[in-house]
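Undergrad: In case it's useful when we look at the structure, here is the feature table from Swiss-Prot:
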type     : residues       : note
DOMAIN   : 19-86          : domain 'HMA'
TRANSMEM : 72-92          : transmembrane segment
REGION   : 122-143        : region 'Disordered'
TRANSMEM : 163-183        : transmembrane segment
TRANSMEM : 209-229        : transmembrane segment
TRANSMEM : 330-350        : transmembrane segment
TRANSMEM : 387-407        : transmembrane segment
TRANSMEM : 411-431        : transmembrane segment
ACT_SITE : ASP462         : active site, 4-aspartylphosphate intermediate
BINDING  : ASP651, ASP655 : Mg(2+) binding site
TRANSMEM : 657-677        : transmembrane segment
TRANSMEM : 716-736        : transmembrane segment
Amino acid sequence: MTTVVDAEVQLTVVSDAAGRMRVQATGFQFDAGRAVAIEDTVGKVAGVQAVHAYPRTASIVIWYSRAICDTAAILSAIIDAETVPAAAVPAYASRSASNRKAGVVQKIIDWSTRTLSGVRRDVAAQPSGETSDACCDGEDNEDREPEQLWQVAKLRRAAFSGVLLTASLVAAWAYPLWPVVLGLKALALAVGASTFVPSSLKRLAEGRVGVGTLMTIAALGAVALGELGEAATLAFLFSISEGLEEYATARTRRGLRALLSLVPDQATVLREGTETIVASTELHVGDQMIVKPGERLATDGIIRAGRTALDVSAITGESVPVEVGPGDEVFAGSINGLGVLQVGVTATAANNSLARIVHIVEAEQVRKGASQRLADCIARPLVPSIMIAAALIAGTGSVLGNPLVWIERALVVLVAAAPCALAIAVPVTVVASIGAASRLGVLIKGGAALETLGTIRAVALDKTGTLTANRPVVIDVATTNGATREEVLAVAAALEARSEHPLAVAVLAATQATTAASDVQAVPGAGLIGRLDGRVVRLGRPGWLDAAELADHVACMQQAGATAVLVERDQQLLGAIAVRDELRPEAAEVVAGLRTGGYQVTMLTGDNHATAAALAAQAGIEQVHAELRPEDKAHLVAQLRARQPTAMVGDGVNDAPALAAADLGIAMGAMGTDVAIETADVALMGQDLRHLPQALDHARRSRQIMVQNVGLSLSIITVLMPLALFGILGLAAVVLVHEFTEVIVIANGVRAGRIKPLAGPPKTPDRTIPG
């Protein structure tokens, strides 16, 4: 669908499936400010769940509910945003990659801090009508990340509170001086409560209540009932859980923070013939950056001079250094090998590949998975419901029985039903899991993508660029009618001289001939026709040109997995050229691993059936669909999806419709490819296909941990409430069980951050074409 606003402005819906739309804008003055205006305007449309504008590629991605709004309403809002005056653009910072002021990983770190402390500031995170925080009421984390337990202020206070509480017990037993005992208990209560009461009161003043509010009420109630020791014990135990949560959160984020070291603070640039050291933030597009052996690249660029082997393991997760030379694109954070490089800067430090990747992840965090939505749906109304239930228990019990007994039980029920462990059950797992995956070159865009990835049962693999490396080479030339190998290649190269098609590149690389044909015309779906030395020459697929006496040889080429093209001059066949895009060396291993894991594997390709079948056999794939156009792939993926959760793996460009049609789109080799990263839900940054089963297994394990955490949290609440109501457990016992549960949930969630790197480079199988 295309909407023309005027002669210059045009909106094109690139993909629209599963409540996710991607719109390409042309003719816009698409800068950072306009991105803010688009996000603000489109975000106000009823039914729009999240929106993100990308100035770099002039595209907008929208998640919306089809039942509430349609494509026309969204496009209309984008058009309206294009006319918003600059002075009327909202004052908040754009979430677009071209206007980032935080560090490369800082925004995702900030997000995880907000998520795990219950403070959400991004759009769609907190509807305006909410009055309840899902998570514990915690203060903002300290600027300096604690690396040891004793560095956490809340744990230091908890320890001091515990010492005072222990001293009160010793004093009561050895020296029954009650003023001293009460003083120690009161001091223990004050120190422990200082970790959560101030923030709870602050949030209460803002009209929000959370678990900290429940604990504050319970502590005050215990004091009112004369149970100072119970109140002090509650404050001590809850302060421990608060401190442990902060420590676990910091520990989880430290893995992400380590990525900051990938980008050096300084870079050497060549200005006016002199090498000058400047801050990385001062680099400009067009600068000539000098990178010496052992140094990291400060930003993205293109090599102008020099050759080396780059270590990109920290970015792509691949351990084998990549050989690069003049004209090759290089990325921020890569480590230079032995050579000295002169690199032309193509992106600023704030807009390099690492910054864009982290930014996109941060922007997509508003998309919660099913487990997080379930936890939120339970936790948000649970807190005020608990307060109402506790008030009813206290009131009814006071009328029918002993008021002191029932008020105390109401306070215990208040604490027993607190959903603190439930609220952190999923976020801590998501942050740990996504952070671990990103360190190995797997970009997972938010909790929703992580959970969906964990439910996938079928995988559709595109052939070109996914199963193969998209680097075809000429592997055989058959001749006839007296033509030579060089003559056949020369005619083919003449027709392909001005083409950038991968097959053309392969043919041109196989010959030294440089003469280009004239009057070259493309015949869609067939081949090329032109004139060379006054004679008519043609190049095309079998069927358009008659293979004649080379039919058997052409069949042999196709059975070997090669694409065969025929060459003809003056209606006389000269020969056949076999061009093969080799399977990735790890393809068969990956397919075998997927099938062992219970995944249904299907190959999709636009190539002919014979070639597709041959390559599929080499890879071990049984289900093959060939001669597909992009829209055919999308339709086929939709059919697979109707049967079971399906992931589509492609390059993210030609496969955009299929990626959008799947439950989950996975882009292969997405490093430096904006469209691939924007289109897919998961991006494999490197070229090693073994990251695919690694990501699937990691997500499946992470989802299991989420389910375990949510199940345990709900079970504990379900068990504790009746025990508290009937007086079987007291306040201290309930708090102890709750905080022990929270420790288990945190520790279990952190396990999602464990992922093993790939073991060495893939083995290269020996493949030859039959003679």
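Note that Cβ sites are derived from N, Cα and C of the backbone, with glycine treated the same way.
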Undergrad: What's the number of neighbouring CB atoms sitting within 10 A of the CB on the residue listed as 'active site, 4-aspartylphosphate intermediate'?
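TA: The residue listed as 'active site, 4-aspartylphosphate intermediate': 24 neighbouring Cβ atoms within 10 Å.
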Undergrad: Other than its own, how many Cβ atoms are within 10 Å of the Cβ belonging to ASP655 (Mg(2+) binding site)?
TA: 31
Undergrad: What does the structure give for the C-alpha distance between ASP655 (Mg(2+) binding site) and ASP462 (active site, 4-aspartylphosphate intermediate)? Integer Å is fine.
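TA: With distance taken Cα to Cα, ASP462 (active site, 4-aspartylphosphate intermediate) is 8 Å from ASP655 (Mg(2+) binding site).
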Undergrad: If you run the three-state DSSP split on ASP655 (Mg(2+) binding site), which class comes out?
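TA: In three-state terms, ASP655 (Mg(2+) binding site) counts as coil.
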Undergrad: Could you tally the C-beta atoms, other than its own, that fall within 10 angstroms of the C-beta of ASP651 (Mg(2+) binding site)?
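TA: Summing over all protein chains shown, ASP651 (Mg(2+) binding site) has 22 other Cβ atoms within 10 Å.
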Undergrad: Within the domain 'HMA' (19-86) only, compute the mean pLDDT.
TA: 81
Undergrad: Would you mind listing the long-range same-chain contacts of the transmembrane segment (163-183), meaning Cβ under 8 Å and 6+ residues beyond its ends?
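TA: Here the qualifying positions are 191, 228-229, 232-233, 236.
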Undergrad: How many helix, strand and coil residues does the domain 'HMA' (19-86) contain under DSSP?
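TA: Counting residues per DSSP class in the domain 'HMA' (19-86), I get 25 helix, 20 strand, 23 coil.
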Undergrad: Using the alpha carbons only, what distance in Å do you get between ASP462 (active site, 4-aspartylphosphate intermediate) and ASP651 (Mg(2+) binding site) once rounded?
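TA: One finds 8 Å between the Cα atoms of these residues.
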